[in-house]
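**Q** Pasting in a structure now, in structure tokens, and then I'll have a few things to ask.
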């Protein structure tokens, strides 16, 4: 069987163009206090807010960003050890590091993040993948809406399979974005993924 190199992914519309075609406008951002005071007589909304915020009072740090992305983990059962990327330190240093993934391995991306002050709507994780300077893929994952709490949230993408074959092996450069409906950039970072025949070569 002849091996094929990955083909560049052609994007007909990016997210901004799609939003404008649908005439979608996100609702204006409200503070947590405003949201808690709204619709006190609406039982369904009370349940929804309870789901987002829990039962206890929310204690927030006014100096902290509302959304903090802490780690990215590649969840792969066949990996010889954990594959985790710390996103709270020097993001420039991540550009020089390379994560190894064995070809054909099944994996999922897990994003760890915290919400500190206000409910955030329409969170999404976007990843652009390049090889030799050419964009070969773009993936957008809808994360959802979350309220503030002391514990971290985790978001897990669907299972993906790493490319395989001699032509698919090599280093892929990723540009990742954690954003929301208001197009607020909570975190952007770049990292490298090397597809190899074996975990260690």
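Each Cβ is built from the backbone N, Cα and C atoms, and glycine gets one as well.
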**Q** May I ask you to indicate which of 1-38, 39-76 is given in Swiss-Prot as region 'Disordered'?
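**A** It is 1-38 that Swiss-Prot describes as region 'Disordered'.
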**Q** If you check Swiss-Prot, which of 102, 135, 196 turns up marked as N6-acetyllysine?
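**A** The residue tagged N6-acetyllysine by Swiss-Prot is 102.
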**Q** Of the residues 145, 176, which is given the phosphoserine tag by Swiss-Prot?
**A** 145
**Q** Scan 175, 183 for the residue that Swiss-Prot records as N6-acetyllysine.
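**A** When Swiss-Prot is consulted, N6-acetyllysine appears for 175.
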**Q** Looking at 95, 110, 124, which one is marked N6-acetyllysine in Swiss-Prot?
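**A** Record lookup, Swiss-Prot, feature N6-acetyllysine, residue 124.
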**Q** Near the Cβ of residue 175 (N6-acetyllysine), how many other Cβ atoms are there if near means within 10 Å?
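**A** Result for residue 175 (N6-acetyllysine): 15 other Cβ atoms within 10 Å.
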**Q** When a 10 Å sphere is centred on the Cβ of residue 102 (N6-acetyllysine), how many other Cβ atoms does it contain?
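**A** 19, counting other Cβ atoms within 10 Å of residue 102 (N6-acetyllysine).
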**Q** On a C-alpha basis, identify the one among 124, 145, 175 that is nearest to residue 102 (N6-acetyllysine); the candidates are the modified residues.
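**A** Nearest by Cα distance to residue 102 (N6-acetyllysine): 175.
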**Q** Report, in whole Å, the straight Cα-to-Cα distance of residue 124 (N6-acetyllysine) from residue 145 (phosphoserine).
**A** 9
**Q** Counting only residues 6+ apart in the same chain, whose Cβ is under 8 Å from the Cβ of residue 124 (N6-acetyllysine)?
**A** 140, 141, 142, 143, 178, 179, 180
